[in-house]
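Attaching a single structure in structure tokens format; questions to follow.
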Amino acid sequence: MNDSDKRLAALAAIAEVRAGMIVGLGTGSTAAFAIAALGEQVRAGLQIKAVATSLATEASAREAGIQLIEMPARIDLTIDGADEIDSALNAIKGAGGAMLREKVVAAASDRMLVIADGSKRVGAIGAAKIPVEVLPFAHAFVADRLAALGGAPVLRAGFTSDQGNPILDCRFPADIDHAALAAAIDAIPGALGHGLFLAEVDAAYIATDGVVTRLERGETSA
Ligand SMILES: O=C[C@H](O)[C@H](O)[C@H](O)COP(=O)(O)O
């Protein structure tokens, strides 16, 4: 992981932010660079409103002087990190446990950008753990269903989400059909959200050794 590349990716993405937009702010160390840079622009006069995907992001945005609003029905542009992303813009998110709110924000967004350093880019997603946020009441049941899907769920020790829920980190076989897997997890009562983002990401800015590459959904190269 490379902070200078994270920052470069973040700067490239925030160039898409326009005055008057409602902006979704992601969670994690890469999104933090976008929040800091947007804060600088806000202090220089840029007028935006923002929605935070986590309590940590809310605190950072507030500190940066960015105006925060409650989750609206529609967001113009969201900028968020990822744990893995492939060339088809499939992503795994949630190492920081924020994927449930991140999924809501991404789904509400006209456009969602992933920002990452090159370590996150993979040929095909699947090596990273896929986190599943669980209703506490349903924990044993959901764990059993995830195990039956091949996920070998492990409770994230000493952690609850911003919603106060436990997270089960799952390692599925790398060659699993992720679309079918996402649908299967979505269908488990008590599984509140998971880290597979298969349709949400519109574009990614990925920086490697100081060079930013933009991947756009529907384009083979950019
Ligand atoms: O729950 C955390 C989020 O999905 C993050 O966006 C993701 O884990 C990437 O975080 P980072 O930029 O710190 O690697």
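Note: Cβ is positioned from N, Cα and C throughout, glycine not excepted.
These figures come from a predicted structure and were not determined experimentally.
The active site, proton acceptor annotation in TrEMBL covers GLU102. If you look up TrEMBL, you'll see THR27, GLY28, SER29, THR30, ASP80, GLY81, ALA82, ASP83, LYS93, GLY94, ALA95, GLY96, LYS120 marked as substrate binding site.
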Looking at the binding-site residues THR27, SER29, ALA95, LYS120, which have a C-beta within less than 6 Å of some atom in ligand 1?
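Among THR27, SER29, ALA95, LYS120, near ligand 1: THR27, SER29, ALA95.
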May I ask for the distance between THR27 (substrate binding site) and the residue listed as 'active site, proton acceptor', taken between their Cα atoms and rounded to an integer number of Å?
8
Return one of helix, strand or coil for SER29 (substrate binding site), based on DSSP.
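Once the DSSP labels are grouped into three classes, SER29 (substrate binding site) ends up as helix.
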Find, for the listed binding-site residues THR27, SER29, the residue with the lowest Cβ contact count at a 10 Å cut-off, counting only other Cβ atoms.
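Among the binding-site residues THR27, SER29, the sparsest Cβ neighbourhood within 10 Å belongs to SER29.
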Using DSSP with the three-state reduction, classify ASP80 (substrate binding site) as helix, strand or coil.
strand
Distance between the residue listed as 'active site, proton acceptor' and SER29 (substrate binding site) at the Cα atoms, whole Å?
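On Cα coordinates alone, these residues lie 14 Å apart.
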At 10 angstroms around each C-beta, which of the binding-site residues ALA82, ALA95 has the fewest other C-beta atoms nearby?
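Lowest Cβ count within 10 Å among the binding-site residues (ALA82, ALA95) is ALA95.
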